Amino acid sequence: MAAFLLGAVLLIVQPQIVPSRPAINSKAETSAQSVQRELLKKTSQKNDFKENIHSNGTCRQLPQTIIIGVRKGGTRALLEMLSLHPDIAAAESEVHFFDWEDHYRNGLQWYVNQMPFSYPHQITVEKTPAYFTSPKVPERVYNMNQSMRLLLILRDPSERVLSDYTQVFYNHMQKHKPYPSIEQFLIKDGELNVDYKAINRSLYYIHMQNWLKYFPLDHIHIVDGDKLIKDPFPEIEKVERFLKLSPQINASNFYFNKTKGFYCLRDSGRERCLHESKGRAHPQVDTWLLEKLHEYFHEPNKKFFELVDRTFDWHSFVAS
């Protein structure tokens with residue numbers, strides 16, 4: 001009897017096994033998670049997509065690399081420059097698979113159908129800038145591919161806020177719709193309006209913490225968006241190394257277009273620039289308001305630098 005009681009006690013007090021993947025909420029999984037788990041069982045392997053094989057040996061395949069953001073950080077420029085490499089096959093449009101519920105419910109087969117045809121040796125890349133700031137996305141990407149290599153391009157948070165506003169402003173102008181001035185978004189009751197969505201998107205450390213719950217830092221390459229604009233080749237070289245690509249892109253692939261005011265691409269004698277919607281001038285903002293932005297982002301930037309063990313040349317508020 002004593003032996004039986006001792007065995008019962010040992011069963012009760014034995015330690016819990018530490019999970020080998022990120023911890024999930026102990027509550028019952030949501031219906032969406034359950035559905036996706038079944039989809040992953042059925043369609044997680046590349047060979048499950050036979051109908052996507054082309055006669056020339058190419059096929060559609062799940063991306064091995066995703067450009068996850070940030071919005072107005074230079075994601076389109078990064079994708080266009082990376083596409084200069086012959087071993088890259090890039091999806092043309094932003095797919096929004098992991099952040100839009102209507103798309104996510106369609107499952108991985110739908111996701112694969114959005115990808116370009118590629119050869120087996122090529123890396124398929126898709127970009128959706130909203131992924132970085134969407135809370136549900138890191139876990140969903142992890143569930144699809146734990147070895148995913150992620151590209152994140154960031155720029156000065158204050159400048160990114162201004163670019164964010166500028167894009168929405170021009171979208172309204174093209175539709176002949178009025179749009180408030182940037183001051184009306186940035187200022188509320190005489191103070192900086194920290195509830196403005198564009199400001200939240202620039203709090204990089206908050207969003208990065210979410211991604212680091214699922215992916216190690218060495219699976220996330222951060223591209224310096226400010227440097228990419230001024231001198232793109234060194235930044236693209238780093239991306240090539242991160243993706244373990246052979247060095248195929250060189251300095252001659254880039255030339256500065258004085259008319260547009262930014263770098264354009266040269267590929268096999270053909271020259272092309274980004275769409276005219278890129279590189280638009282920001283609205284004029286009073287100096288005191290810019291200083292408010294710099295002051296607000298000072299501490300969040302420090303936290304981000306500590307998180308990724310790296311610093312960036314962003315505006316820094318210095319108390320007088």
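Using N, Cα and C of the backbone, Cβ positions are placed for all residues, glycine too.
Just so you know, TrEMBL annotations never went through curation; they're auto-generated.
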Practice task
For the disulfide involving Cys273, grab the partner from Cys59, Cys264 as TrEMBL records it.
Solution key: Cys264
Problem - Rounded Cα-Cα span from Cys273 (disulfide bond) to Gly74 (3'-phosphoadenylyl sulfate binding site), Å - result: 14
Fill in the blank from the handout: From Lys72, Cys264, Cys273 (recorded positions), the ones whose CA sits within 10 A of Ser163 (3'-phosphoadenylyl sulfate binding site) are Lys72
Practice task
Run through the Cβ atoms and count how many others sit within 10 Å of the one on Cys273 (disulfide bond).
Solution key: 16
Completion exercise
As a whole number of Å, the Cα atom of His282 (3'-phosphoadenylyl sulfate binding site) is distant from the Cα atom of Lys72 (active site, for sulfotransferase activity) by 12
Practice task
Just jot down the residues in the same chain as Cys264 (disulfide bond), at least 6 apart in sequence, with C-beta under 8 A of its C-beta; none if empty.
Solution key: Phe254, Tyr255, Phe256, Asn257, Glu271, Arg272, Cys273, Leu274
Exercise for the section: Please work out which residue of Lys72, Arg76 has the most C-beta neighbours within 10 angstroms of its C-beta, and give that one of the recorded positions. Expected result: Lys72
Handout entry: All-chain count of other Cβ atoms within 10 Å of His282 (3'-phosphoadenylyl sulfate binding site)
Key = 13
